[in-house]
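Asks: Feature list, courtesy of Swiss-Prot:
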- 1-11: topological domain 'Periplasmic' (TOPO_DOM)
- 35-53: topological domain 'Cytoplasmic' (TOPO_DOM)
- 77-96: topological domain 'Periplasmic' (TOPO_DOM)
- 115-118: topological domain 'Cytoplasmic' (TOPO_DOM)
- 142-170: topological domain 'Periplasmic' (TOPO_DOM)
- 194-218: topological domain 'Cytoplasmic' (TOPO_DOM)
- 242-253: topological domain 'Periplasmic' (TOPO_DOM)
- 277-290: topological domain 'Cytoplasmic' (TOPO_DOM)
- 311-322: topological domain 'Periplasmic' (TOPO_DOM)
- 372-377: topological domain 'Periplasmic' (TOPO_DOM)
- 401-414: topological domain 'Cytoplasmic' (TOPO_DOM)
- 12-34: transmembrane segment (TRANSMEM)
- 54-76: transmembrane segment (TRANSMEM)
- 97-114: transmembrane segment (TRANSMEM)
- 119-141: transmembrane segment (TRANSMEM)
- 171-193: transmembrane segment (TRANSMEM)
- 219-241: transmembrane segment (TRANSMEM)
- 254-276: transmembrane segment (TRANSMEM)
- 291-310: transmembrane segment (TRANSMEM)
- 323-345: transmembrane segment (TRANSMEM)
- 349-371: transmembrane segment (TRANSMEM)
- 378-400: transmembrane segment (TRANSMEM)
- 415-437: transmembrane segment (TRANSMEM)
Amino acid sequence: MPLIIIAAGVALLLILMIGFKVNGFIALVLVAAVVGFAEGMDAQAVLHSIQNGIGSTLGGLAMILGFGAMLGKLISDTGAAQRIATTLIATFGKKRVQWALVITGLVVGLAMFFEVGFVLLLPLVFTIVASSGLPLLYVGVPMVAALSVTHCFLPPHPGPTAIATIFEANLGTTLLYGFIITIPTVIVAGPLFSKLLTRFEKAPPEGLFNPHLFSEEEMPSFWNSIFAAVIPVILMAIAAVCEITLPKTNTVRLFFEFVGNPAVALFIAIVIAIFTLGRRNGRTIEQIMDIIGDSIGAIAMIVFIIAGGGAFKQVLVDSGVGHYISHLMTGTTLSPLLMCWTVAALLRIALGSATVAAITTAGVVLPIINVTHADPALMVLATGAGSVIASHVNDPGFWLFKGYFNLTVGETLRTWTVMETLISIMGLLGVLAINAVLH
């Protein structure tokens, strides 16, 4: 019954948004309330769950999205993004620029949460599209696929690292297996899949991209342009290394845990960009603040829609759907690796959150390791693969992709949802292949 209610809720949401063109935030909050009541929650519980979902989603994302938009706008409006884009196109050529973005996404994704890398790299994608004339999704999807793959398979990214800690898997082994799986997965879900998306003629959302083409004299140098963009990556990467190698009370680790926090790292990059890209190129502080102010207005509705997705997700979590699915799977006779993937996939589809799906799955299947002696590293990767399948309207990431790529709900289902499902299936096949070779 709980799964039928969820399916009905998703159908209602699609009808409201596609059929009646209801605003995304309003539709998500309304459907969250309807599903909550249908699942047996009382009015106060539904209200608290919606408020908690919005608060917890924005609590982690508001500063990241805000600072990311500010930094992206500064990089875009000062000509830095155009400089980086033209350099990449000149180095790799238009035909290979996708591969440049795949590599960039993998490197950036290792140190960052998906959302941080997404908002940081999108201005670069927009500028490459403007400079090359290539379709937006053809250029952007390979980068997004690379970011998503690191979220599933590659420590020291926080996602697989957290699952590996629960399973007590060796991080080096997990990284090795994950890298083997990553290569074919990102090729299929990125450059190959994006070739099917050239029919989607989309432009970047207004306010998130400056279409002005800068002259050679107006643009900063390549190294000056890239410096502000990579500062967050460097700080977060150092923080990740310190977390693995240094004791918790070590002063150096504590310092880099602070400056390597995603929001703090982005803020530091903004301060640096104000001087290296703004003031250094002759702009006044007032002009720079106007650029920063415009960036916030451009993402306001995107932020609210993501918050609505968080509310829907939290109602599903609080209604006990996760416990229902966990109980449903406890008595199955699936192999440990298939069980990890299946439980994570069901939880992902039902709850929306990849993180919640992965962590819950780890708790459900952890006893299996002791009984079956399954490879913990492969269990981590199977869980990560299952946790990203079929992202749809109850996932805040769905709305993030929709908003920044200027898509309708239907178009997002045919692009983002399919891409995430390809990553999940390729990941499972990779896990099973490695397991067959090793055992």
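Think of each number as a place in line: the chain as shown, counted from 1.
Glycine too: its Cβ is placed from the backbone N, Cα and C atoms.
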Asks: Are the transmembrane segment (415-437) and the transmembrane segment (219-241) close enough that 3 or more Cβ pairs fall under 8 Å, when only pairs 6 or more apart in sequence count?
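Replies: Judged by the Cβ rule, the two regions do not touch, with the required three close pairs absent.
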Asks: Quickly jot the same-chain residues contacting the transmembrane segment (97-114) by Cβ under 8 Å, restricted to those at least six beyond its ends, or write none.
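Replies: For the transmembrane segment (97-114), the sequence-distant neighbours (Cβ-Cβ under 8 Å, at least 6 residues beyond its ends) are 64, 88-89, 91, 120-121, 124-125, 128, 132, 134, 138-140, 142-151, 154, 156-159, 182, 186, 190-191, 194, 232-233, 236-237, 239-240, 262, 397.
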Asks: Mind checking how the topological domain 'Periplasmic' (242-253) divides into helix, strand and coil residues in DSSP?
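Replies: Going through the topological domain 'Periplasmic' (242-253) residue by residue, I get 7 helix, 0 strand, 5 coil.
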Asks: Looking at 54-76, 171-193, 291-310, which one has the highest count of Cβ pairs under 8 angstroms to the transmembrane segment (12-34)?
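Replies: The stretch I would name here is 291-310.
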Asks: Examine the transmembrane segment (291-310) against the transmembrane segment (415-437) and state whether at least 3 Cβ pairs sit under 8 A, considering only residue pairs 6 or more apart.
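Replies: Per Cβ check, the transmembrane segment (291-310) does not touch the transmembrane segment (415-437).
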Asks: Provide the three-state DSSP residue tally for the topological domain 'Cytoplasmic' (401-414): helix first, then strand, then coil.
Replies: 10 helix, 0 strand, 4 coil
Asks: What is the number of residues in the topological domain 'Cytoplasmic' (277-290) that are helix, strand and coil, as DSSP sees it?
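Replies: Helix, strand and coil residues of the topological domain 'Cytoplasmic' (277-290) number 11 helix, 0 strand, 3 coil.
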Asks: Roughly where does the topological domain 'Cytoplasmic' (35-53) sit in mean pLDDT, to the nearest integer?
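Replies: The predicted confidence over the topological domain 'Cytoplasmic' (35-53), as a mean pLDDT, is 93.
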Asks: Please identify the stretch among 119-141, 378-400, 415-437 with the greatest number of Cβ pairs below 8 Å relative to the transmembrane segment (171-193).
Replies: 415-437
